[in-house]
Structure formats: C-alpha cells, structure tokens
Ligand code: 6GU
C-alpha cells in the first residue's frame, strides 16, 4: 500500500512512522508512506498557504490553489482509491473503516489546519472525510498518524502473529477480554484458574463471556446493533 500525506506540519508526521510495527511494515515493503509539505506549493515570496475567510469570522482557511496544485501533481503520478480529508466535522474512524482502507492500493490523506480547507477542495477531490473523535486537535497530522497506524497494522503480513490482529478489541465490535502472564500468583493476586486449565474450548468460552461483560459495562453502545 502507498500512502501519501499532504501536511502543513510535516515534521509532526516523521517520528510516528519510524518506530516499531509501522517502521517494519515499510522496511518489508508492505507500506510506503510519503509526506508532502504543503508549504512547498505556497504562493509568492512568502509561500502563502492560508488566508482570511470570505464573509468574515475568526481563523484562517487553507487556500485552494496550493492544495490543488499539490493534489494535481500527485494525481499525475498515480490514481488513488481514496482521497481522505482529516477533519473533526466528519464521521468518526472505527475498526470497520480501518479494515476497508487496509485493502486499498493507494490512498491520499489531506490534513487540515486552522479553520480547515476551502470547501471547493472538499467538493472536487475528497472521497472520504474522517474524524478520530469528538474533540478538536490543533491540526489533522496527529489524526492522520492515528489513521495510518490503525490501517497499516491490518495490512496482511504486517503483524507477525496473524491471530493477534483478528482478536483485537473492536474486531467483532467487542472489547478485549482481560489477559495475564507469569507469574500465576503475585502478592496474593491469582490468575483465573480457567486460564491454567489447558481446556481450550472452555478458555475460548470464558474469553467470549468476559469480552461481552466488559463491553456491556464500559461500551454498551457497541452492543446496540
Ligand atoms: Cl481529523 N482533525 C482535527 N483538527 N481535530 C480532530 C480530528 C481531526 N479528529 C478529531 N479531532
């Protein structure tokens, strides 16, 4: 999978992708992540990328021309399965969206800043808008990093133990059951006996039951459908 990200703060995006599983995915050639600095497409001597809004109001808007020029240059090189705009005024990211995106070949992500981008960019180029939750960040970069992490780890071959992505929280709309490792007893606290029993069908049942109970207690909304 190739992921291009257009950003006004590219330095915010370098570190999150250079560690652990996401770095290994790139080293293995399973994911290629390329960051594009919108400032390079800025207008005039000052490389202007934002301006005040028509109709008045506080906050700057990212201008249509630099973004349009950047997107056109990228579209000349490859087709994108999705052109995604990261913005708080969108549907929130969930595991189902991450699963779908992990199967795509090329995706382009545009990250907003300030009051966002000129609406005409959204109307013309954006095929999907994604928020990562009901709160406001200073820019879309951290949200894009969250999206890329959630998607790249699902690309086949990225996580060594295939089973582990399949049994994540949310993969079947349930939270994960509790997990334990050695020692079996610490400061008088014991690991549930069922997990030491070796009875794997029973262990599966216990885990499903725990996952359901945990979901009912913490996120009953997930059980609604
Ligand atoms: Cl995608 N961007 C910003 N700026 N804030 C957010 C967000 C995105 N998702 C949640 N909050």
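Heads up, the Cβ atoms here are built off N, Cα and C, so glycines get one too.
Curation does not apply to TrEMBL; its annotations are automatic.
Feature annotations, courtesy of TrEMBL:
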{"type": "BINDING", "residues": "112, 132, 133, 134, 135, 136, 137", "note": "S-adenosyl-L-methionine binding site"}
{"type": "DOMAIN", "residues": "1-224", "note": "domain 'tRNA methyltransferase TRMD/TRM10-type'"}
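Listed binding-site residues: 132, 134, 137. Those with a CB atom under 6 Å from ligand 1: 132, 137. If you take every residue in the domain 'tRNA methyltransferase TRMD/TRM10-type' (1-224) and average the pLDDT, you get 95. Residue environment of residue 112 (S-adenosyl-L-methionine binding site) contains 26 other Cβ atoms, counted within 10 Å of its Cβ in all protein chains. The Cβ neighbour count for residue 137 (S-adenosyl-L-methionine binding site), using a 10 Å radius and every protein chain shown, is 17.
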